[in-house]
Every structure is written in structure tokens, then in C-alpha cells.
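According to TrEMBL, the feature transmembrane segment maps to 12-35. Feature annotation from TrEMBL assigns ATP binding site to Q187, K203, E224, A307, V308, M309, L310, E381, D396. Under the heading Mn(2+) binding site, TrEMBL lists E224, D396. The domain 'FAM20 C-terminal' annotation in TrEMBL covers 271-489. Summarising the annotation, TrEMBL assigns active site to D376.
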Amino acid sequence: MRVCTRRRSLTLRVWLFIVFLSLHLLVVSLVLSVYHTSCELPSTYGIQTTQNASTSEITMATTRSVSKEMKMVDPTGDLAKLDALFSHPLYNLPTPPVPDGDWLLKVRTKVKEQERSTQQWVSANDDGFDPILWNTSTDTHPPWLRFHLGISRWQMYQHKDPNLSALNQQLASHRIVSAVQKSGGTQLKLVMSFPNYGQALFKPMKQERHEETNVNLYYFSDFERHNAEIAAFHLDRILGFRRIPPVIGRLINVIKEIKEVTTDHKLVTTFFNSPVGNTCFHGHCSYYCSTEHAVCGRPIKLEGSLAVMLPDLSLAPRHSWRSPWRRSYSRTNQAEWETNSNYCDTVKQTPPYDRGTRLVDVIDMSILDFLMSNMDRHHYETFEKFGNDTFLIHLDNGRAFGRHSKDEPSILAPLVQCCRVRRSTLLRLRLLSLPPYRLSDVMRASLSRDPLAEVAPLLTEPHLSALDRRLETVMQAIQDCLQQHQHHSDVIYDDIMDYPQA
């Protein structure tokens, strides 16, 4: 019995020793594993460092790329080109004094004695408008009124109009006291009022700047773009036309600056919150005014263009003219000018294109439209006061700059078919084709001064490059005309005879 007990005790001890030894080996193994891991940590850090270095290199490369792109589009050097352009003699031609009859509006200075008390116009501080005292002195006039009084027979504003800066400041920052939908048209537009009784036409952002027009859309089905309205004003000014009212970009608070100040009850009913919480509205119009085509803030801020309103029609009536090169606005039919290569011969015999500058005015407009790829020029307007001898008002440019990858040569039909162009226009186009005044560079610089340029460039680089490409096409079309006609005077309408010949 004792022998069996001793054997059992020995066996138990052996098993305990084995268990102890196994546990010991397990602990040692774990310790070594931990130690091995801890020894490999520097290696791991090394990998992480390498990864961080790669990330850093990528970040630095990205920064360099962005910096390079910013440098490429940095308007600092371009601003010097723009200033040089506007200082060029072609943009500072001497002009005779404007006769009294060539101003669109004029403040009456002679009044009867009994009317003298009403010579000053005093406003009451009602509905958010500021109390203002206006008299015959232009010093008391707000910027919008000085703009109206500066419109003459041949231009919307002067080349170096000192009032433009104050007018742009008003459009960009003055408090909005009223916003109502403008009637008519196919898309949503608002008339906004300022405390000094000035008004501007607001067109909201419809699509991103980089988005091109869908290739399957006809020109009359395209969206209107707020940045196109802004860019058209700058391009018109760079070309030396000055026939588009000043336009500027602005970020609008759709709640405080539209919904809460509007008296348009129909407009208010179209406001709603999108599924992601953005405030949207769509208004009422014949097209694109529905929930599917609503404009939305982000969440309440909305980009848009603000164009200063022209004088009221009761003060300055305008005549609307159907463009001779109007498109058919049909998916199947073509206009006569699209099928008749001699169409211009008929136009030249038709008033008001048979005399004066009206024909070259239309050709100027076609050059502007081709550069910005605007196919939607069905009508144009003039001020009735000036009859047929006046400039054309280039309004409604929202369908411009839709595509940069394709040019539309048919827009140049007036130039190609009539082979007629102003000498001042030709010389400015030549100037803009030279490297010191390259069109894309001066456009980039001009647009950089708009408030919305802080959000993103108003025109992407492909659109700016397209301007240079299209300018070459225009110059080639004029060159072809010069080669077709033996006498250059048949092509060039010399409106600056005192300027030296090239």
C-alpha cells in the first residue's frame, strides 16, 4: 500500500512539474513575443515614417501643383495687362462733347417759381428705404441714378467712368429691402431693391461653373448661367463696346434677403427645404420653374448675378428689334439666313440696315456672341429717344459660355455673309490677339475683381482658352473678307478716321 502511495505521489509530482514547466515555457514564449514586438516597433515606426513621408511628399506635390495652377491663373500679372489695355490709345480716343440731345436723361434745372418747392425730391423712410434728399446737384444722386444720367446715344457708360466703382459697391453690398419675381421670360429672375431706391435684376446660380451644356440640348432649352451674365459684361467692356449694363456677382441669403423681404406672395409659396436641409425656391415662369428645377442655397447662401436696372420705360422707352439673323427656335426648321448665302444683300436693302451704323452694330454683337458662344440672340433693344442712330443694348446673356469644347461658327453669319466690320473693332481685336494684351489674360484679370471670384473663378481655364481660339477664328474670317474684296474700304467701316492707319 505504501509503495502504491509513493508511486502515485511521484506521478503527481511529475505531472505538476510538467505543468509548471509548460506554464513557464508559455510565459517565456509570451515574453519573447512581446519583446520581439517591442523590438520591431522602431521598424514599424520606420514604415509609418515612410508612409508619412509619402503623404508629405504627396501633400507637397499637390501643394506645388495647386501653387503652379494658382501661379498660372494668378491675375497679378494679368492685371497689369488689363491696365495697359485700358490705357491704350484705342481705348482713349478723343471724343467731342456730348450734345444735350444725346443724353438719355437730363435733370431739369429751370423750373417755374411755383414749382421751385418741388425741385428737391424727398423720400420718406418707409418699407426699409432710407430718407434721401435729391436735388439738381449730381453730388446728391445715388450711384444708380448717376449711371442712368450717364447713358448717351453711343454708349451705356464712359470708358473710365468714376461712378462704376460706387455702383459696383452698391450692387455687391447694399442692403436688400425688397425682392419680387420679374414677370415674363422662361426662367426665374428677381428684381431686388436697395434702400436708396436703386434696383437690380438677380439671376440665381443654376449649375456649377465647370459644367458644360448637355450636347443633346438645343440652345433654347439651355439653362441661364449667372456667371455668364457677369462674364458677358466684362467681355463687352474689354472689347470697348460698353453696351451691357454693369453686372456683378453676389452671395445672397435666400431667407433674409428674399423670403423675409418679398411682397410677392406667389414667390413665398414656392419655398421649401430640400432633403439635405437646403432652402430652395422656384418661383413661377413658363419653363424651369418647378420643384425639379428649383434653385437652392447652401444651405441658405445662393450665388447670383446682379445687373443694374435700366431707367424705367416710362422715362426712357425702348424699342425691341427682331434680329435679322434670329434662329428659327425649331428642332426641324431652319431660318432663311441658314440656307441663303446671299441673305445679307437683302438685309442691306432693308431699313434700318440700309444706312448708318446699324449693320456694323449687329456685326459687333455677333462677334461678342461668337466669342462667348451665345446662340440665343433673337432680339436686341435700342432707346427710342435716339431713333435708328444709336448703340444696341446687349441684354440677356445668360445662355453664353455654355460650352468651351465646341465653337458655333453660325453665330458669325452676319460677319461672314456681309463682310463688314468697324475699324475700331478690328484694331481692338488685333490688340487682344497680341501676347501683351491676350484676351484670356485680360478677361481673367477683369473677372478676378468680381466678389464671386473669391469663391471660385467666374470662368474656368478651358473657357478662357476658348476665347483665344475663337478670337483667331474671328480674325481669320475678317482676313478672308479682305481677300475676297479688292478694296478694303468695302470691308472696313472707318469710324476712327483720325486714328493712324496700321
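The backbone N, Cα and C atoms fix where each Cβ goes, and this holds for glycine too.
Source: prediction; values computed, not measured.
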Counting across all protein chains, other CB atoms within 10 angstroms of the CB of D396 (ATP binding site) number 23
From the Cα of V308 (ATP binding site) across to the Cα of D376 (active site), what is the distance in angstrom?
21
One residue among the recorded positions E224, D376 has the fewest other C-beta atoms within 10 A of its C-beta, namely D376
Where the record says Q187, K203, E224, A307, V308, M309, L310, E381, D396 bind ATP, what is the longest distance in Å from one Cα to another among those residues?
20
List every residue in the same chain as V308 (ATP binding site), at least 6 positions away in sequence, whose Cβ is under 8 Å from its Cβ.
W144, F147, L167, L171, G198, Q199, A200, P245, P246, V247
Chain-internal residues, separated by at least six, CB under 8 A from L310 (ATP binding site):
H148, I151, P245, A316, R318, I393
Just to be sure I understand the packing, how many Cβ atoms besides its own are within 10 Å of the Cβ of Q187 (ATP binding site)?
20
Restricting to the domain 'FAM20 C-terminal' (271-489), what is the model's mean pLDDT?
95
